[in-house]
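Undergrad: Can you keep this structure in mind? I'll have questions shortly.
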Amino acid sequence: LAVPLTNVNWQSELNKAAHHTSDYSSTEAILRRGQPFTITLHLQTMVCHSELLSLFPLAGPSPAESQRTKAVFNLSEEGASGWSATQEPSEPGCMNFTIFSPANAVIGRYKLKLQIVSGNKVSSTLLGQFVLLFNPWCPNDDVYMANEKERQEYVLNDSGIIFQGLEKYIQQEAWNYGQFEEDILDISLAILDRSLNHRQDPAADVSNRNNPIYVSRVISAMVNSNDEKGVVEGKWNGKYCSGTNPLQWSGSVTILRKWYRGRYKPVRYGQCWVFAGVMCTVLRSLGIPTRVITNFNSAHDRNINLSIDKYVDISGKTLHLTEDSVWNFHVWNESWFIRRDLGSFYDGWQVLDATPQERSKGIYQCGPASTRAIKEGHVNLDYDSSFLFAAVNADYVTWIHYSNKRKERIYSDTRKIGKFISTKAVGTNSRVDITANYKYPEGSLKERQVYKKALKLLAVRSTWKRTKITRRRRRSSVAWRQNMTQPAQKPSISGKLILDASPVIGQDILLTLALRNLTSDFNNIKVKLRASAILYTRKPKAEILQLSRSVKLGSEEVKEISFKISYSQYKNSLVDDRKILVTAVCETKQGASLLVEKDIVLQDPFLTIKVLGPTVVHKAVDVQVTFTNPLSEVVTGCVLRAEGSGLIKDQLRINVARMAPMESSTVQFEIIPYKSGTRQLQVDLVCIHFSDIKGFVMLDVTPA
């Protein structure tokens, strides 16, 4: 018995439109689970009514009904697996089928077989392949998201904004997710197939791919390369000669293709926003609603005791006496799905972090942790909620460490950590503050109760527990010495560092230290100033400046000390992050110590992008980019790069001519948009003389 099949029509356009998969750059059938799709069989001869037709969707290397990776069902009968098919009216010589997949089906690539039984004769044929994805439009899917505008943003938007900088100087960085670009879905499925879980037990791994909890956790491990030869290799120190500086990436597409085409060799190098950007691409491509989150003043609490200790010497130099740290910002992801393992209270946004910081169950992976669990202090719940609770809630304790190994606790800040937790708004590039999703208002009774609950669950016994809501706090990063066994002394001086203007790279930095005598007594103060180039992790990389001053303050007198960090002083020390930490340790004869800190980010020079005409699909349009050399020296060897999903298929690179000091330069290039809708065009000036100058513009591309 032969199947009289001549052709299979997968009704690609019809199915893709219905399943919200039209944007994928693939001729393959890409479908979402829990939703019917249609196929048409063209036959040489019609199948008799007495013949029994069965369909077999098969997933993974060893399909089995017991693993939910194989389904067997007869026409017009629902199979035990939840798959079913019905025959629809059709033209002569054709058979139209509507096939229903269950909302909890395994996601991934399937083969579809047709079997015909006529009497004692059995024949089967392969109809083809299709890819099945998670379905945020299906109410019965674990990733169901009710709001259409949110689905458009968190599933279908292929570009976005990642926030960086400082809590008081938040910057926008454009990122090209490109989840619908050519090969990206195949690469996302390959990431799952390269995981440690899959290599250890392929059948069990594929069987678990019906669960977004499982899939997202595997992806969080595979986006970094620490355990499983994953996609991106992290690096936070030294030079990047053997790879790409993390600041030079503008999107995920180039990274994912480089990993795939390089036979799964980890791509060098990434830092937190790179890991988060890549993970967002992969999870959106698989159909899981995902967004990128930035936490300012993010704690890395190695021992999970909810306290971050910072040590400085009497000159203000940071000492590495602990593995704890506070990053200026840290970027992670949130994905949207229900938590059948925890209960409905914990449904919704789940935190995932692919940056390799700590091992979880032996592997560098983090999450999913429910934001509800983090907010309520339920730090005992899966996965990694204690680590993430500390990232937004830990105390920040500063100590002065003297040469005789004596240390003094000079300040404890209960509000520094976890500030301005941010994500891109739905439908616009503006910033939305979602701190309230992670914690109750700082200093509130509820926040205190949650913190104590977390300490209890973690069995942390600490002398420095936050026990009073009314603990005295001081402005301007002022830290006053406190005796460990007695109440803090009444402060005698206060101070703050003032930046005279927001400096652009290449310019001198002008600062003022303002000191105030808070008493009616005469005060003689020794001031030690230090400036260091730091990474965004606040790890010092190079000393720039050290100064000592003596200041005499009369009764309640205010004095200002002005000083300058010249370009010649910082140009050879500044790292690519363009960040400088200035500290001032002020000591009085009475024994009180004051520590004042100021983080400085040097701004990028101005860059403008002009699109010289309307943007229409398949029609060329010129783009003009103008920028200025910010330095008082000649700049050579610069490259302008451009990319954007739907606008440029492969990253564009243009060599830039020699630029004299403070000279402006214009580069013009052509783009031919290939997708309509709102598109993000990014440009990036890469130069060895200064860190990248980036810019972006949003374009509305009309259909041809």
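Even glycines carry a Cβ here, placed using N, Cα and C.
What TrEMBL records for 264-356 is domain 'Transglutaminase-like'. For C272, H330, D353, the entry in TrEMBL reads active site. Among the features that TrEMBL reports, Ca(2+) binding site is placed at N393, D395, E442, E447.
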Undergrad: Can you tell me which recorded positions out of H330, D353, N393 are within 10 A of C272 (active site) by Cα, answering none if there aren't any?
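TA: Those near C272 (active site) - Cα within 10 Å - are H330, D353, in sequence order.
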Undergrad: Mean pLDDT over the domain 'Transglutaminase-like' (264-356): what is the value?
TA: 94
Undergrad: What does DSSP give as the helix, strand and coil breakdown of the domain 'Transglutaminase-like' (264-356)?
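TA: Summed over the domain 'Transglutaminase-like' (264-356), the classes give 18 helix, 41 strand, 34 coil.
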Undergrad: Could you check which of the recorded positions D353, N393, E442, E447 is the closest Cα neighbour of H330 (active site)?
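TA: Out of the listed candidates, the nearest Cα belongs to D353.
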Undergrad: Least buried of the recorded positions D353, D395, E442, going by other Cβ atoms within 10 Å?
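TA: Relative to the other recorded positions in D353, D395, E442, E442 has the fewest Cβ atoms within 10 Å.
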Undergrad: Tell me the Cβ neighbour count for E447 (Ca(2+) binding site), meaning other Cβ atoms within 10 Å of its Cβ, over all protein chains shown.
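TA: 20, counting other Cβ atoms within 10 Å of E447 (Ca(2+) binding site).
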Undergrad: For N393 (Ca(2+) binding site), what residues in its own chain, 6 or more apart in sequence, show a Cβ-Cβ distance under 8 Å?
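TA: Correct list: A299, L306, I417, G418, K439, Y451, A454.
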Undergrad: What is the Cβ neighbour count of C272 (active site) at a 10 Å cut-off, with all protein chains included?
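TA: A 10 Å sphere around the Cβ of C272 (active site) contains 27 other Cβ atoms.
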